[in-house]
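**Q** Handing you a structure now.
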Amino acid sequence: MVMGLGLFLLVFMLGLGLTPPTLAQDNSRYRDFLTKHYDATPQGRNDRYCESMMRRRGLTSPCKDINTFIHGNSRHIKAICGDENGNPYRENLRISKSPFQVTTCNLRGGSPWPPCRYRATAGFRNIVVACENDLPVHLDQSIFHP
């Protein structure tokens, strides 16, 4: 009986040891999403903004073809993954119920290597995201028609 209890405790403790990395991995995908796509209060939304943000966010080696920055409150973006600000959309995606202010940066020129030059398109759009554990982890670019 004591040996069985000891084995149970060992398995239980090992299970606890495995839980935090899983949660940390989920949060890291969300943090990566924010790094690539979130800028709460942009300073200008022109070509220079795109070139600066793409460089600062590490998206220019090689030059990323297209990237969208979402502006505003991150809680509203998170809410797309629930019923508060999101609806199901196609396969395993969610679409926002309300539009977001966004800046889409499109690569100009043919070279994928720096210096990267971008053209900015600013506007308001509903956004489509993939969610894991109620957090956005991927922005579906196909919804945007700059």
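Glycine residues also receive a Cβ, built from the backbone N, Cα and C atoms like all the rest.
Annotations for this protein, taken from Swiss-Prot, read as follows:
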ACT_SITE  His37  active site, proton acceptor
BINDING   Arg45, Cys105, Ile127  tRNA binding site
MOD_RES   Gln25  pyrrolidone carboxylic acid
MOTIF     55-59  motif 'Nucleolar localization signal'
SIGNAL    1-24  signal peptide
**Q** When DSSP is mapped onto helix/strand/coil, what comes out for Cys105 (tRNA binding site)?
**A** strand
**Q** For the recorded tRNA site, whose residues are Arg45, Cys105, Ile127, find every other residue on that chain with a C-beta no more than 8 angstroms from the centre of their C-beta atoms, and list them by sequence position.
**A** Asn67, Thr68, Phe69, Ile70, His71, Val102, Thr103, Thr104, Ala120, Thr121, Ala122, Gly123
**Q** How far is it from the residue listed as 'active site, proton acceptor' to Cys105 (tRNA binding site), counting Cα to Cα, in Å?
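**A** Answer for this pair: 11 Å between alpha carbons.
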**Q** Does DSSP put Ile127 (tRNA binding site) in a helix, in a strand, or in coil?
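**A** Ile127 (tRNA binding site) sits in coil per DSSP, no helix or strand.
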**Q** Quick one: largest C-alpha distance among Arg45, Cys105, Ile127, binding tRNA per the record, in angstrom?
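**A** Across Arg45, Cys105, Ile127, the two farthest Cα atoms sit 18 Å apart.
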**Q** If you run through the motif 'Nucleolar localization signal' (55-59) with DSSP, how many residues end up as helix, strand and coil?
**A** 2 helix, 0 strand, 3 coil
**Q** By a simple count, how many Cβ atoms lie within 10 Å of the Cβ of His37 (active site, proton acceptor), its own Cβ left out?
**A** 20
**Q** Excluding near sequence neighbours, so keeping only residues 6 or more apart in the same chain, what lies with its CB under 8 A of Cys105 (tRNA binding site)?
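**A** Listed in sequence order: Cys50, Met53, Met54, Ile66, Asn67, Thr68, Phe69, Tyr118, Arg119, Ala120.
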**Q** Under DSSP, is Arg45 (tRNA binding site) part of a helix or a strand, or is it coil?
**A** coil
**Q** In the predicted model, what is the mean pLDDT computed over the motif 'Nucleolar localization signal' (55-59)?
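**A** Averaged over the motif 'Nucleolar localization signal' (55-59), per-residue pLDDT gives 97.
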